[in-house]
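First comes the structure, then the notes that go with it.
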Amino acid sequence: MKILVLNSGSSSIKFKFFDNKIVKASGLVEKIGEQNSKVVLKNTLNNESFERELTINNHEEGLSIVNELFKESGILADLNALDGCGHRIVHGGRNLSEHCLVDDYVLKEIDRVSIFAPLHNPAHLAGIKTMIKAAPSVANAAIFDTAFHRTMPDFAYMYALPYDFYDKHNIRRYGFHGTSHAYVSSRAAKFLQKDQNELNVISAHLGNGASVCAIEKGKSMDTSMGFTPLEGLIMGTRCGDLDPAILPFVSHLKGLTIEEIDTLMNKKSGVYGICGYNDFRDIEREIEQGNDKARLALDMFCYRLVKYIGSYFAVLPKTDAIIFTGGIGENDSLVRQKVCERLAHLGIELDFELNKQRISGERMINHANSKLKVLVIPTDEELEIARITEELIGKN
């Protein structure tokens with residue numbers, strides 16, 4: 001099948017084109033709504049690039065340029081030649097708990113739950129509507145970050161607030177990075193040559209946004225992110241877990257509005273709030289130069305991660321493997337080392353040489369004597385979205 005995967009942001013569209021699960025093109029529309037907008041399409045088979053720089057006023061104009069570049073490159077005759085288009089949607093809310101093909105109800109529901117993800121869902125919606133207009137005959141699939149976590153039990157996803165908050169306002173833990181956690185856990189099963197229904201893993205997706213997931217027999221049992229992607233781990237610029245009583249205290253202390261507090265927690269906190277850097281390469285360079293705040297930020301990040309992974313040992317009946325993925329998880333050997341050393345009493349023994357090797361691809365980095373497997377699995381959310389889209393189209 002010919003599948004286009006779209007990840008529409010407020011001012012950008014990232015895309016990948018798959019033909020029978022092989023990536024043939026990828027690209028980006030950036031700075032939508034600005035005068036210096038840019039569209040780049042790369043033929044991934046021969047690395048040839050096609051670019052346009054012009055003013056793009058909206059997503060519809062951006063996708064029309066993508067269509068022109070597909071024709072120019074000879075990769076795809078027209079968007080109408082696609083079998084389907086898979087759209088990454090951050091939040092499905094309570095009603096859209098599973099991936100699905102798009103219809104009028106789905107469009108309305110994505111719009112309705114935009115209040116839960118105001119920076120993401122409206123842009124995703126614009127991407128879907130643009131695709132429907134550009135290629136009316138092509139099936140569109142909504143692939144939700146939240147869907148993988150639909151298997152969490154109620155005692156794991158409920159907050160200890162008055163029940164009406166859940167019943168009437170859908171306030172509960174939803175979890176995110178679901179497409180990534182689903183992909184790497186299935187890849188881990190293949191790597192270990194085990195049936196996914198026999199495997200229990202703890203997946204750590206570590207990037208500027210970060211989350212951990214306890215996966216029992218291929219199903220999410222718990223995850224660190226909650227009602228929004230702010231809960232859980234310390235992240236690049238997000239604070240993660242904190243005492244909620246801090247918020248009204250800070251509001252009175254600093255005279256901050258609700259919106260300003262939201263910005264503080266999402267964009268000015270995390271490791272960035274501690275040391276002024278959110279790129280771990282910068283943080284580790286600063287540590288080498290004696291920056292104590294950088295060292296503190298890294299220690300805090302790893303400690304919170306260890307606490308979550310450790311707690312998921314208690315959640316799962318047994319744990320077979322820990323998976324590191326995402327930009328930090330795949331590339332930062334120091335973070336992996338610090339985390340695994342603190343978990344040694346649980347039977348994890350890292351092979352330091354394997355851990356330090358800077359090689360791409362799926363690999364095992366535990367010592368032969370380790371009771372648990374420690375895996376590095378590069379995530380591929382676009383491939384997972386393409387796979388699910390094909391599956392949904394096949395069912396219909």
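Heads up, the Cβ atoms here are built off N, Cα and C, so glycines get one too.
Record features (Swiss-Prot):
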- Asn7, Glu381: Mg(2+) binding site (BINDING)
- Lys14, His205, Leu206, Gly207, Asn208, Gly209, Asp279, Phe280, Arg281, Gly327, Ile328, Gly329, Glu330, Asn331: ATP binding site (BINDING)
- Arg88: substrate binding site (BINDING)
- Asp145: active site, proton donor/acceptor (ACT_SITE)
- His177: site 'Transition state stabilizer' (SITE)
- Arg238: site 'Transition state stabilizer' (SITE)
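Overlay of Swiss-Prot feature records on the structure.
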residue : record                             : contacts (Cβ under 8 Å, 6+ apart)
Arg88   : substrate binding site             : Val5, Leu6, Asn7, Ser8, His124, Ile143, Asp145, Thr179, Glu381, Ile385
His177  : site 'Transition state stabilizer' : Asp145, His205, Gly209, Ser211, Cys213, Thr223, Met225
Leu206  : ATP binding site                   : Leu233, Leu305, Phe324, Thr325, Gly326, Gly327, Ile328, Gly329, Asp332, Val335
Asn208  : ATP binding site                   : Met235, Gly236, Thr237, Asn278, Gly327
Arg238  : site 'Transition state stabilizer' : Gly209, Pro229, Leu230, Met265, Asn266, Ser269, Gly270
Asp279  : ATP binding site                   : Gly236
Arg281  : ATP binding site                   : none
Glu330  : ATP binding site                   : Phe324, Val376, Ile377, Pro378, Thr379
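Taking the Cβ of Lys14 (ATP binding site) as centre and 10 Å as the limit, one finds 17 other Cβ atoms among all the protein chains shown. When the recorded positions Asp145, Glu381 are compared by the number of other CB atoms within 10 angstroms of each CB, Glu381 has the fewest. Other C-beta atoms found within 10 angstroms of the C-beta of Ile328 (ATP binding site) number 24, with every protein chain shown included. Look at Lys14 (ATP binding site): DSSP puts it in a strand.
Asn7 (Mg(2+) binding site) has a Cβ environment of 23 other Cβ atoms inside 10 Å. DSSP assigns Arg88 (substrate binding site) to a strand. In the three-state DSSP assignment, the secondary structure recorded for Asp145 (active site, proton donor/acceptor) is coil.
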